[in-house]
Each structure stands twice: as C-alpha cells, then as structure tokens.
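Here's the structure we're looking at; comments come further down.
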Amino acid sequence: MKSLIIAEKPSVGRDIANTLNINEKRNGYFENNKYIVTWALGHLVTNATPEQYDASYKEWKLNDLPIIPNKMKTIVISKTRKQFSTVQSLINNNKVKDIIIATDAGREGELVARLILDKAHNKKPTKRLWISSVTNKAIKEGFNKLQDGRKFNNLYHAALARSEADWIVGINATRALTTKYDAQLSLGRVQTPTIQLVQMRQNEINHFKPQTYYTMKLNAAGLTFHCTKPQSHPDKTVLESIKKAIDGQSGHIASISKTHKKAYPQQLYNLTDLQQDAYKRFHLGPKETLNTLQTLYERHKLVTYPRTDSNYLTDDMVDTLKDRLKAIMATSLKDMAKAQMSQTFSSKQRFVNNNKVSDHHAIIPTEVRPDINQLSQRESKIYMMIAQRYLENLMPPHEYEAIAIELKVGQHTFTFKDKVTTKLGFKAIYENKESINTQIDQLQKGTKLNVTKILIEEHETTAPPYFNEGSLLKAMESPQKFFDLSDKKHDKTLKDTGGIGTVATRADIIEKLFNMNAIEARDGKIKVTSKGKQILELAPQKLTSPLLTAEWEEKLLLIEQGKYNASQFISEMKAFTNQVVNEIKESEQNYKHDNLTTTECPTCGKFMIKVKTKNGQMLVCQDPQCKTKKNVQRKTNARCPNCHKKMTLFGRGKDAVYRCVCGHTETQAQMDKRHKNKKSDKVNKKDLKKYMNNDEGIENNPFQDALKGLKF
C-alpha cells in the first residue's frame, strides 16, 4: 500500500519526487514502492456558475436576483479536467492507503486540496505536509513531522466559507449593477473599498490648501542652530522681532548633551513590505514582484514561502540561521556574511517571536547557494533585497552618539543636533567609515560663539502624495489610517485582521482595478477614473467601506479557531446579499459613459468606449452583450534604436506603426526588417497577429468569462 501526495503545482510535485526518490515517471504523476506524488494546477475544482444551477441564469436579468443556492455546487475546471481525472483515479486507487496534502500551507492551499478530495468522494485518511520552503532539507523535515489532516478541518471550513461568500455577494452585486445600469460594472468586498481608498486620497489632495510658515536659523562656529521657541510660526513678523532682538549679539553654549544610542535595521520582509520596496527601488509592480518571488521560491528554491504577512521567525529556525548565511556568501555580500559566522545566535534575537508568526514566517533566503549568473536581472534584484535584509538583521546594531547643543543668544535658545557614529554595525553594508565631528569636540558649556548669519526661511505645507502601486498596497494593509471610523473597535478590527484583502490577493486586486478601468496610473500617480467614481456612487455604502472585509476576516479567523460556525457565517452573507440587491434595484441613479467616442462598433453600430489599460488604450463596445473590442495603442517590448526606450504600437496589421517618445517612428515592415537578425527580440507578424486575434481583450479582463453570452 502507498501514500498519495497531492502538491499544488507540478514544480512542487517534482521537488517532492526528487527529494523522496520517487523516480518512476507516469502520465501526471511519479511513483515508487512507497509513494505516489501528483499535483493540481492551482485550482482543479471551482464554484459552479449560476447557469450551471439553472440554464435560465445564462441570460442576466435583474428580476432573477438574488441568486442564492440552497447548497453550493462545485465543478471541475474544463481546461484542467485531464489532470483532475488523473488525480481522481489515484485517490480512488486500491493501492493507495492514505492521502498526504502537500498544497501551499495556508487557507487557500487547503481549499485547493479539499475541493479535489471532496469532488473525488475521498474516504481515505489524510495527513498534512506543512512547510515554508521547498528545499530538500525542508521537505525531508516536513515529512518527518506530518500532521493529522483532521487538525486542519477548521482551516478548510474557513476557506470554503470565504469562497462561497465571495461568490454569493460578488455574483449578485455585479449582476445587479450591470443589469440595472446596462454597463459592465463590478462590485466586491475588497475591490470596492480599494477604489474608495484611492478616491479619499484624491479628495484630500483636491481639497488641500497650502499654508505658509516660517522658521529661523543662525550660523555660529561653522554649525547651524535652529530656533526652538518657536520652531516655526505662520506670522513672519514674530520671527523678525526675534531676529531684530538678537542681531549683532554673540551667544554662549548653555548645554551640551551626548547620548549613546543604538539603531536597528528594518524588520525582515513580509510580502507587502517587499513589494513596496521593490516598487520604490526598481519600479516593479506588486504583481511583478510576487511573480518573481514565486519563481525564486518554486524554481530556484532560493527563498522561503512568499505569501506571508509576518516579519518574524520562530525559535525552531535559529539553528538554520548560519546555513542561510553560508548560502548568501555566494553573492557580493560574501565578506559581510562571513564576518557574522563567528556570532552566536539565540531565540532572543529581536526578529524571533513565535507569537507573531501564524501560517508562515518572514521571507528569508533558504540554505541553497544561488548562482546569480543563472538568475534573470529581476530575480537577482529581488533575491539580493531579501539576502541583504536578512544579513542586516544578523549583524550588530548601528551605534552612535546623539549630540544636542543649546546656544543662548540674548533671551532666545537655538539648538544644533547631530549624530556621530561610534560603531557602524549593520550599516557597514552601506558605509565604509565612521563619522567624526572635530568641531563639536572643541566646544564645551559656556563657550562664547560669534553669530555670523541669521536667516528666516519661508516654507509651505504640501499635499499628501498620490498613491502609487507600492504605497496603495501598504494603505490596503492599514486602511484604518485613512478611513474615518468613529468606533475605535473598528480601528482595532481592521488592524488585527490585516486590512483590505490579504498579502496573497492585494496585488491581484490592484491589477484587476486597472484592467476594469476603475483606476488608472498617470506618471506613477494612481487616480480613480470616471467609471470608478460612478461605481462608488452606485454601490451600496457598506460595500465601499473596509469594515465589511474586516468583519469577514474576523469571523473567518474565528472559524479557523473553531469558535464560530461556518454555516452561520454563510447565512449572514445571504441576508447581506439580499440587502445589497434590493438597494441596487430601488436606486434611482443613472450611469453615464463619459468616455464615449464617436467611433461606431463594427458589430452592432453603437458608439464605442475608450478604455485605458495598464499598457495602453482600446475601444470597447458600450453594449455589455456585444464583446467587440479594438486596440488603439499598446506599449510593447520593442526597443527604439535611438534611445532604447520601449515603443508604443498604434493600429493593426499592415497599418501598424511603432512610435517612441523621442519621436522615432517605424512601420511594421521596418520593424520586421530591423529585427530579422535578432530573432529573440523580434516583434514579428505571428506574435502581432496572435495578440490582435486574442479576442482583442483587455489583459486579464475580469469580465471576459462572466459576461460572455450576456443578454438583456
């Protein structure tokens, strides 16, 4: 008898097979005399569509809503049916005694496996592999510590409740809004509050009125001293009177203080922090960073599990710290890493805290030595960010003297502040020498100083910045800082539940909002589009607040802990859905396509709408039941021969033209000719045709499946 191992992806299945010497390759699985290892392809099973409950639901009608099944159904995803059949036959194979769930260690990973087992009518006992990296060592240790699958039943119940609730609320709210206003509109408990978050920041900027204020400083002994009372003032005459009173006077040092202090590095990375830093440093979008992390985790085995919200490690990992240091010695950090090998590490390290790790610890390097030359430029950048942050946290703290000197001039006090490094510590990664300020060493209390210059400076308060992809991600994590919530309990709920969405879903949500044209980015500034503003006006108010998702996450966490009933949660979601649908039905508002063009749809003759996508623009028919789309422009990977920037594609077919911001223009024929000897860089006719014929759709269009066959 054998154990069947179900991994979430083929790459992880192969890793497990290699580690456990499961070498006999079959069609969709590996096998030896002890194990069979197979895999999903992400989800193999999903929730049924409304029309799979009742064929009449294929036509979207407002009067049919709400659609609330008594019992939710699941279906096998058509494009992965073959692999499901393989997994199903293995589950029910007589030579299989038990199932080892080896999908991602978390709520969604549990759901992937349990839906498959449920659909295959599994009756066999289950065990759970729970690991945070897929190195040989981690897999072996995980198999030595397999847990009873029943221990994770509540995790599955929470995952299933989340999935069903999202279906019930999302399907009904989207269908209600779309049919009510005859437009492709979408609502969701995560995406709608995110639009609101961007709009609130936009309103704050629009309503901001700059305020002028003044500060005063003076120079003495080559140092700059700042006025302390007042530090700043809106009335310039107040500071002018002080200047007049002290003009021509010398000062004396009233006090000198030197305080020894320590500074510690930033915390180990969780996913959100890493995505935000990658955007700041390399202008990588959250989705790009996550995809790169997945490759580093799955293919290269260089980093631990990426979808984590923790900045800490557990104490059982302390013994592995030096092995990970050895791994990063294969990089440019070699000398710094080697210097830390003589240290003794313990569970008292500031980044070790079992209570602050739930499913997964912080993102850190694995024990696998990287070959940087085998990584892409993006992979190398992300890996080095993780390796450097890890090394910083293992190095001693930065030590310095905080110096404060008070200079008395007449009746007024001015202060000079500085920091003098005594030990570089972790900052040795960035700096190569310790700072010395000899001027300060020559000063003592009572020393008289001549004032050489007195300056009054004018300043102006600035509006908060627009969100970019990195800062929006961080705001979604802490929405209580932006929403005005009168009840402090709600603040705590949002903080405790991790804000809007999860670390695993936020990047997808932002991407989806771009693709559905609810938000747009101009010069890195994210703004709400006219469509997004109207969605906020038309949506039931509770769907625009982050409180709904916070309340959900709070109850889902209780379900995980066995303290709340999943069926009760679903009943509440059904009641809420009824309220949402009724509110939309009774609304007397209107939706206006203000991005309507005078271009007629070649299929139905109605005017088309200009839609901005993340990589360009396209025309989409305003009629939801007509799926006609036409590309206007699209940023490509083709590089300008003059300035080497990416060129934008206009038109299609023989009329296609590539233009660069520097003014260079090429036809498709010229582009083909220029690249005929550079096949790897070529934007050829075949690729162009494939792009043009791919339904001319918006990238990752969230409505493509939901709206096909839509009739009113």
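Note that Cβ sites are derived from N, Cα and C of the backbone, with glycine treated the same way.
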Residues flagged as region 'Interaction with DNA' in Swiss-Prot, choosing from 102-107, 186-191, 642-647, 690-695: 186-191
Cβ atoms near GLU8 (Mg(2+) binding site) (within 10 Å, other residues, all chains): 22
Candidate with sparsest Cβ neighbourhood (10 Å radius) among ARG175, ARG307, the listed recorded sites: ARG307
Fewest other C-beta atoms within 10 angstroms, as judged across TRP60, TRP167, TYR305, which are the recorded positions: TRP167
Other CB atoms within 10 A, centred on ASP104 (Mg(2+) binding site): 24
Minimum Cα separation from TYR305 (active site, O-(5'-phospho-DNA)-tyrosine intermediate), reported as the residue among recorded positions GLU8, ASP104, TRP167, ARG175 that achieves it: ASP104
Residue among recorded positions GLU8, TRP60, ASP104, TRP167 with Cα closest to the Cα of ARG175 (site 'Interaction with DNA'): TRP60
Closest of TRP60, TRP167, ARG307 to ASP104 (Mg(2+) binding site), Cα positions, recorded sites only: ARG307
